[in-house]
Amino acid sequence: MPLPKRFRLNAKNYFLTYPQCSISKEERLAQLQNLSTPVNKKYIKICKESHEDGQPHLHVLIQFEGKYQCTNNRFFDLVSSTRSAHFHPNIQGAKSSSDVKTYIDKDGDTVEWGEFQIDGRSARGGQQSANDTYAKALNSASAEEALQIIKEEQPQHFFLQFHNIVSNANRIFQTPPEPWVPPFQQASFNNVPAIMTQWVSDNVCDAAARPMRPLSLVVEGPSRTGKTLWARSLGPHNYICGHMDLSPKIYSNNAWYNVIDDIPPHYVKHFKEFMGAQRDWQSNCKYGKPIQIKGGIPTIFLCNPGPQSSYKDYLSEEKNRSLNDWVQKNAIYVTIEEAIFTTGSQTSP
(Lines of atoms letter the chains of each structure in order from A and count residues from 1; the text may use other names and numbers.)
(Lines give C-alpha, C1' and ligand atoms only; values in the text may rest on other atoms or scores of the structure.)
Protein backbone atom coordinates (compact mmCIF):
# COMPACT_ATOMS: atom_id res chain seq x y z
CA MET A 1 0.00 0.00 0.00
CA PRO A 2 1.54 3.33 -1.04
CA LEU A 3 2.35 5.82 1.68
CA PRO A 4 0.11 8.88 1.82
CA LYS A 5 1.51 11.76 -0.17
CA ARG A 6 3.23 14.34 2.01
CA PHE A 7 2.02 17.92 1.76
CA ARG A 8 4.48 20.21 0.00
CA LEU A 9 3.92 23.53 -1.73
CA ASN A 10 6.68 25.72 -3.14
CA ALA A 11 5.34 29.10 -4.23
CA LYS A 12 5.94 32.82 -4.00
CA ASN A 13 2.25 33.68 -3.75
CA TYR A 14 -0.18 31.74 -1.53
CA PHE A 15 -3.97 31.75 -1.80
CA LEU A 16 -5.71 30.58 1.38
CA THR A 17 -9.42 29.96 1.96
CA TYR A 18 -10.80 29.53 5.49
CA PRO A 19 -14.39 28.20 5.55
CA GLN A 20 -16.59 29.28 8.45
CA CYS A 21 -13.95 31.43 10.11
CA SER A 22 -15.36 33.81 12.73
CA ILE A 23 -12.11 35.56 13.75
CA SER A 24 -11.99 39.29 13.02
CA LYS A 25 -9.98 40.45 10.01
CA GLU A 26 -7.59 42.40 12.19
CA GLU A 27 -6.88 39.40 14.44
CA ARG A 28 -6.34 37.17 11.41
CA LEU A 29 -3.91 39.66 9.93
CA ALA A 30 -1.93 39.86 13.16
CA GLN A 31 -1.64 36.05 13.39
CA LEU A 32 -0.49 35.74 9.78
CA GLN A 33 2.02 38.57 10.19
CA ASN A 34 3.51 36.80 13.21
CA LEU A 35 4.10 33.51 11.39
CA SER A 36 7.83 32.79 11.28
CA THR A 37 9.09 31.95 7.78
CA PRO A 38 12.59 31.77 6.27
CA VAL A 39 11.39 34.02 3.44
CA ASN A 40 10.20 37.55 4.21
CA LYS A 41 6.53 38.34 3.74
CA LYS A 42 5.90 41.31 1.43
CA TYR A 43 2.12 41.63 1.30
CA ILE A 44 -0.99 40.18 2.94
CA LYS A 45 -4.58 40.88 1.91
CA ILE A 46 -7.59 39.42 3.71
CA CYS A 47 -11.21 39.48 2.58
CA LYS A 48 -14.24 38.45 4.61
CA GLU A 49 -16.99 36.91 2.50
CA SER A 50 -20.44 36.05 3.87
CA HIS A 51 -22.02 33.02 2.20
CA GLU A 52 -25.74 32.43 1.77
CA ASP A 53 -25.82 30.33 4.94
CA GLY A 54 -24.62 33.38 6.89
CA GLN A 55 -21.26 31.83 7.73
CA PRO A 56 -18.21 34.04 7.16
CA HIS A 57 -15.54 32.69 4.82
CA LEU A 58 -12.07 34.10 4.65
CA HIS A 59 -9.86 34.56 1.57
CA VAL A 60 -6.19 35.46 1.97
CA LEU A 61 -3.41 36.38 -0.45
CA ILE A 62 0.12 36.19 0.97
CA GLN A 63 3.09 37.29 -1.12
CA PHE A 64 6.64 36.35 -0.14
CA GLU A 65 9.90 37.95 -1.22
CA GLY A 66 10.92 34.69 -2.87
CA LYS A 67 9.54 31.17 -3.10
CA TYR A 68 8.53 29.71 0.25
CA GLN A 69 8.35 25.91 0.60
CA CYS A 70 5.62 24.87 3.01
CA THR A 71 5.61 21.23 4.17
CA ASN A 72 3.14 21.59 7.04
CA ASN A 73 -0.48 21.78 5.96
CA ARG A 74 -1.33 23.12 9.44
CA PHE A 75 1.15 25.98 9.22
CA PHE A 76 -1.45 28.60 8.30
CA ASP A 77 -4.07 27.47 10.86
CA LEU A 78 -5.65 30.30 12.83
CA VAL A 79 -6.61 30.12 16.51
CA SER A 80 -9.54 31.88 18.16
CA SER A 81 -8.60 34.02 21.14
CA THR A 82 -12.08 33.75 22.69
CA ARG A 83 -12.77 30.03 22.46
CA SER A 84 -11.00 26.76 21.81
CA ALA A 85 -11.22 26.65 18.04
CA HIS A 86 -8.78 26.18 15.17
CA PHE A 87 -9.49 27.25 11.61
CA HIS A 88 -7.74 25.31 8.87
CA PRO A 89 -7.46 26.72 5.33
CA ASN A 90 -7.38 25.28 1.87
CA ILE A 91 -3.87 26.14 0.63
CA GLN A 92 -3.02 26.80 -3.01
CA GLY A 93 -0.26 28.48 -4.93
CA ALA A 94 -1.55 31.62 -6.66
CA LYS A 95 -0.69 31.38 -10.35
CA SER A 96 -1.54 35.04 -10.76
CA SER A 97 -1.47 37.25 -7.69
CA SER A 98 -3.21 39.97 -9.72
CA ASP A 99 -6.16 37.68 -10.45
CA VAL A 100 -6.37 36.53 -6.84
CA LYS A 101 -6.30 40.11 -5.57
CA THR A 102 -9.06 41.06 -8.00
CA TYR A 103 -11.12 38.04 -6.89
CA ILE A 104 -10.85 38.72 -3.16
CA ASP A 105 -11.49 42.45 -3.68
CA LYS A 106 -14.98 41.79 -5.03
CA ASP A 107 -16.76 41.92 -1.65
CA GLY A 108 -14.95 44.99 -0.40
CA ASP A 109 -14.66 43.91 3.26
CA THR A 110 -10.86 43.74 3.28
CA VAL A 111 -7.75 44.54 5.27
CA GLU A 112 -4.19 44.53 3.97
CA TRP A 113 -0.57 44.96 5.02
CA GLY A 114 2.58 45.68 3.03
CA GLU A 115 2.94 46.60 -0.64
CA PHE A 116 1.35 44.50 -3.35
CA GLN A 117 3.92 42.81 -5.63
CA ILE A 118 2.79 43.15 -9.22
CA ASP A 119 2.96 40.34 -11.74
CA GLY A 120 1.98 40.24 -15.39
CA ARG A 121 0.39 36.80 -15.45
CA SER A 122 -3.27 35.91 -15.58
CA ALA A 123 -4.95 32.66 -14.67
CA ARG A 124 -6.98 33.04 -17.85
CA GLY A 125 -3.93 32.13 -19.89
CA GLY A 126 -1.80 35.14 -20.74
CA GLN A 127 -1.87 38.83 -19.98
CA GLN A 128 -4.92 40.63 -18.70
CA SER A 129 -7.10 41.93 -21.52
CA ALA A 130 -6.08 45.54 -22.07
CA ASN A 131 -9.68 46.51 -22.81
CA ASP A 132 -10.84 44.97 -19.52
CA THR A 133 -8.14 46.80 -17.62
CA TYR A 134 -8.81 50.20 -19.12
CA ALA A 135 -12.58 49.78 -18.78
CA LYS A 136 -12.06 49.07 -15.10
CA ALA A 137 -9.74 52.08 -14.81
CA LEU A 138 -12.32 54.37 -16.45
CA ASN A 139 -14.98 53.15 -14.03
CA SER A 140 -12.80 53.84 -10.99
CA ALA A 141 -13.36 56.78 -8.67
CA SER A 142 -10.10 58.71 -9.07
CA ALA A 143 -6.89 59.06 -11.06
CA GLU A 144 -4.97 57.36 -8.24
CA GLU A 145 -7.27 54.33 -8.28
CA ALA A 146 -7.17 54.11 -12.09
CA LEU A 147 -3.36 54.24 -12.12
CA GLN A 148 -3.14 51.49 -9.52
CA ILE A 149 -5.39 49.24 -11.63
CA ILE A 150 -3.25 49.78 -14.73
CA LYS A 151 -0.05 49.29 -12.74
CA GLU A 152 -1.24 45.93 -11.40
CA GLU A 153 -2.90 44.55 -14.53
CA GLN A 154 -0.84 46.12 -17.32
CA PRO A 155 2.64 46.57 -15.84
CA GLN A 156 4.32 46.74 -19.25
CA HIS A 157 2.07 49.60 -20.37
CA PHE A 158 2.56 51.33 -17.03
CA PHE A 159 6.35 51.12 -17.23
CA LEU A 160 6.80 52.01 -20.90
CA GLN A 161 4.05 54.63 -21.19
CA PHE A 162 4.09 56.04 -17.67
CA HIS A 163 4.16 59.73 -18.67
CA ASN A 164 1.22 59.45 -21.08
CA ILE A 165 -0.82 57.23 -18.76
CA VAL A 166 -0.42 59.62 -15.82
CA SER A 167 -1.18 62.65 -18.00
CA ASN A 168 -4.31 61.03 -19.44
CA ALA A 169 -5.55 59.90 -16.02
CA ASN A 170 -5.12 63.39 -14.59
CA ARG A 171 -7.05 64.88 -17.50
CA ILE A 172 -9.87 62.32 -17.37
CA PHE A 173 -10.32 62.60 -13.61
CA GLN A 174 -9.45 66.28 -13.26
CA THR A 175 -11.41 68.12 -10.60
CA PRO A 176 -12.17 71.84 -10.68
CA PRO A 177 -10.06 74.06 -8.44
CA GLU A 178 -11.29 74.24 -4.87
CA PRO A 179 -13.27 77.47 -4.36
CA TRP A 180 -11.37 80.02 -2.32
CA VAL A 181 -12.99 80.97 0.98
CA PRO A 182 -12.33 84.61 1.99
CA PRO A 183 -10.98 84.91 5.53
CA PHE A 184 -12.83 88.21 5.99
CA GLN A 185 -16.34 89.35 5.15
CA GLN A 186 -16.95 91.84 2.36
CA ALA A 187 -18.04 94.39 4.97
CA SER A 188 -14.47 94.47 6.31
CA PHE A 189 -13.42 96.43 3.23
CA ASN A 190 -15.05 99.72 4.17
CA ASN A 191 -12.54 102.11 2.62
CA VAL A 192 -12.74 100.98 -1.01
CA PRO A 193 -12.75 103.84 -3.54
CA ALA A 194 -16.17 104.38 -5.10
CA ILE A 195 -14.80 103.79 -8.61
CA MET A 196 -13.73 100.25 -7.59
CA THR A 197 -17.10 99.52 -5.98
CA GLN A 198 -18.89 100.68 -9.12
CA TRP A 199 -16.59 98.58 -11.30
CA VAL A 200 -17.53 95.47 -9.29
CA SER A 201 -21.23 96.25 -9.66
CA ASP A 202 -20.91 96.64 -13.43
CA ASN A 203 -18.54 93.79 -14.28
CA VAL A 204 -18.33 91.03 -11.65
CA CYS A 205 -21.34 88.76 -12.04
CA ASP A 206 -22.41 85.45 -13.53
CA ALA A 207 -22.49 84.85 -17.27
CA ALA A 208 -26.18 85.70 -17.66
CA ALA A 209 -25.77 89.24 -16.29
CA ARG A 210 -22.23 89.96 -17.50
CA PRO A 211 -21.60 92.57 -20.23
CA MET A 212 -20.53 91.24 -23.60
CA ARG A 213 -17.14 92.94 -23.22
CA PRO A 214 -16.61 93.77 -19.54
CA LEU A 215 -13.88 96.21 -18.53
CA SER A 216 -10.87 95.08 -16.54
CA LEU A 217 -9.38 96.83 -13.51
CA VAL A 218 -5.78 97.76 -12.65
CA VAL A 219 -5.18 98.52 -8.96
CA GLU A 220 -1.79 99.95 -7.98
CA GLY A 221 -0.81 100.59 -4.39
CA PRO A 222 1.63 99.84 -1.58
CA SER A 223 1.92 96.45 0.06
CA ARG A 224 -0.43 95.50 2.93
CA THR A 225 -3.27 97.73 1.83
CA GLY A 226 -5.72 94.86 1.32
CA LYS A 227 -5.64 94.74 -2.49
CA THR A 228 -5.35 90.97 -2.83
CA LEU A 229 -7.87 90.00 -0.15
CA TRP A 230 -10.39 92.47 -1.53
CA ALA A 231 -9.92 91.28 -5.10
CA ARG A 232 -10.34 87.65 -4.06
CA SER A 233 -13.46 88.27 -1.97
CA LEU A 234 -15.75 89.30 -4.83
CA GLY A 235 -16.84 85.88 -6.12
CA PRO A 236 -15.66 82.76 -8.00
CA HIS A 237 -12.35 83.65 -9.64
CA ASN A 238 -9.05 82.43 -11.06
CA TYR A 239 -6.05 83.53 -9.02
CA ILE A 240 -2.76 83.78 -10.92
CA CYS A 241 0.31 84.81 -8.97
CA GLY A 242 4.05 84.40 -9.54
CA HIS A 243 3.84 83.03 -13.07
CA MET A 244 1.22 82.42 -15.72
CA ASP A 245 -0.30 78.98 -15.14
CA LEU A 246 -3.48 78.26 -17.09
CA SER A 247 -3.59 74.52 -16.44
CA PRO A 248 -6.98 73.04 -15.45
CA LYS A 249 -5.70 72.60 -11.89
CA ILE A 250 -5.43 76.39 -11.58
CA TYR A 251 -7.70 77.92 -14.20
CA SER A 252 -11.46 77.37 -14.46
CA ASN A 253 -13.54 78.49 -17.43
CA ASN A 254 -16.50 78.87 -15.07
CA ALA A 255 -14.95 81.68 -13.00
CA TRP A 256 -16.55 85.13 -12.93
CA TYR A 257 -13.26 87.02 -13.17
CA ASN A 258 -9.47 86.67 -13.01
CA VAL A 259 -6.98 88.10 -10.52
CA ILE A 260 -3.41 88.54 -11.78
CA ASP A 261 -1.30 89.45 -8.77
CA ASP A 262 2.29 90.72 -8.61
CA ILE A 263 3.26 89.63 -12.11
CA PRO A 264 5.29 92.38 -13.85
CA PRO A 265 3.35 93.66 -16.87
CA HIS A 266 6.07 92.70 -19.35
CA TYR A 267 5.75 89.07 -18.15
CA VAL A 268 1.97 88.85 -18.55
CA LYS A 269 1.42 86.51 -21.46
CA HIS A 270 -1.89 87.04 -23.27
CA PHE A 271 -1.96 90.63 -21.99
CA LYS A 272 -4.68 91.75 -24.39
CA GLU A 273 -6.70 88.56 -24.08
CA PHE A 274 -6.93 89.03 -20.31
CA MET A 275 -7.32 92.80 -20.15
CA GLY A 276 -9.71 92.92 -23.09
CA ALA A 277 -11.91 90.09 -21.77
CA GLN A 278 -11.54 88.41 -25.13
CA ARG A 279 -13.44 85.22 -25.88
CA ASP A 280 -12.45 81.78 -27.14
CA TRP A 281 -8.69 82.09 -27.29
CA GLN A 282 -5.91 79.54 -27.06
CA SER A 283 -2.89 79.36 -24.80
CA ASN A 284 0.29 77.33 -25.02
CA CYS A 285 2.12 78.60 -21.94
CA LYS A 286 5.62 77.20 -21.49
CA TYR A 287 5.81 73.49 -20.57
CA GLY A 288 2.04 73.13 -20.95
CA LYS A 289 -0.15 71.67 -23.66
CA PRO A 290 -2.29 74.09 -25.72
CA ILE A 291 -5.62 74.75 -24.04
CA GLN A 292 -8.80 76.57 -25.01
CA ILE A 293 -9.81 79.51 -22.82
CA LYS A 294 -13.49 80.42 -22.82
CA GLY A 295 -12.73 83.99 -21.76
CA GLY A 296 -15.21 86.85 -21.78
CA ILE A 297 -14.54 87.68 -18.12
CA PRO A 298 -12.81 90.76 -16.64
CA THR A 299 -9.42 90.68 -14.95
CA ILE A 300 -8.16 92.53 -11.89
CA PHE A 301 -4.45 93.35 -12.20
CA LEU A 302 -2.75 94.05 -8.86
CA CYS A 303 0.65 95.71 -8.64
CA ASN A 304 2.92 97.80 -6.45
CA PRO A 305 4.38 101.14 -7.53
CA GLY A 306 7.92 101.30 -8.83
CA PRO A 307 10.07 100.11 -11.73
CA GLN A 308 9.30 96.65 -13.15
CA SER A 309 6.06 96.46 -11.11
CA SER A 310 3.89 99.43 -12.05
CA TYR A 311 1.54 99.03 -15.02
CA LYS A 312 1.28 102.82 -15.18
CA ASP A 313 5.05 103.19 -15.58
CA TYR A 314 5.18 100.36 -18.09
CA LEU A 315 2.42 101.81 -20.25
CA SER A 316 3.91 105.31 -20.12
CA GLU A 317 7.04 104.13 -21.94
CA GLU A 318 7.29 105.50 -25.46
CA LYS A 319 7.45 102.05 -27.03
CA ASN A 320 4.10 101.16 -25.40
CA ARG A 321 2.17 104.24 -26.54
CA SER A 322 -0.19 102.35 -28.81
CA LEU A 323 -0.73 99.68 -26.16
CA ASN A 324 -1.55 102.41 -23.64
CA ASP A 325 -4.16 103.85 -26.01
CA TRP A 326 -5.73 100.39 -26.22
CA VAL A 327 -5.68 99.94 -22.41
CA GLN A 328 -7.56 103.23 -21.91
CA LYS A 329 -10.49 101.71 -23.80
CA ASN A 330 -10.43 98.33 -22.06
CA ALA A 331 -9.57 98.92 -18.39
CA ILE A 332 -10.04 101.25 -15.46
CA TYR A 333 -6.89 102.34 -13.61
CA VAL A 334 -7.02 103.06 -9.87
CA THR A 335 -4.18 104.13 -7.58
CA ILE A 336 -4.65 103.69 -3.84
CA GLU A 337 -2.46 105.28 -1.19
CA GLU A 338 -3.93 103.80 1.98
CA ALA A 339 -5.54 100.63 3.27
CA ILE A 340 -8.97 99.84 1.84
CA PHE A 341 -10.08 98.45 5.19
CA THR A 342 -10.32 100.04 8.63
CA THR A 343 -7.25 99.30 10.70
CA GLY A 344 -7.31 98.39 14.39
CA SER A 345 -10.08 95.78 14.19
CA GLN A 346 -9.26 92.17 14.96
CA THR A 347 -11.42 91.15 12.03
CA SER A 348 -9.62 93.40 9.56
CA PRO A 349 -7.50 91.97 6.70
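Using N, Cα and C of the backbone, Cβ positions are placed for all residues, glycine too.
According to Swiss-Prot, the features are:
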BINDING   E49, H57, H59, D107  divalent metal cation binding site
BINDING   G221, P222, S223, R224, T225, G226, K227, T228  ATP binding site
DOMAIN    8-116  domain 'CRESS-DNA virus Rep endonuclease'
REGION    143-153  region 'Binding to RBR1'
REGION    156-176  region 'Oligomerization'
MOTIF     15-18  motif 'RCR-1'
MOTIF     103-106  motif 'RCR-3'
Distance [Cα-Cα, Å, rounded] between E49 (divalent metal cation binding site) and K227 (ATP binding site): 59
Most Cβ neighbours inside 10 Å, all chains, among the binding-site residues E49, D107: E49
Fewest other C-beta atoms within 10 angstroms, as judged across H57, H59, R224, K227, which are the binding-site residues: R224
Of G221, P222, G226 (the binding-site residues), the residue whose Cβ has the fewest other Cβ atoms within 10 Å: P222
Three-class DSSP secondary structure - H57 (divalent metal cation binding site): strand
Alpha-carbon spacing, H57 (divalent metal cation binding site) to R224 (ATP binding site), which is rounded to whole Å: 65
G221, P222, S223, R224, T225, G226, K227, T228 excluded, remaining Cβ within 8 Å of their centroid (ATP): N304, I336, A339, I340
Residue pair S223 (ATP binding site), H59 (divalent metal cation binding site) - Cα distance, angstrom, rounded: 63
DSSP three-state assignment (helix, strand or coil) for D107 (divalent metal cation binding site): coil
Fewest Cβ neighbours within 10 Å, where candidates are the binding-site residues S223, T228: S223
C-alpha spacing of H59 (divalent metal cation binding site) relative to R224 (ATP binding site), in angstrom: 62
Mean of pLDDT values spanning the domain 'CRESS-DNA virus Rep endonuclease' (8-116): 87
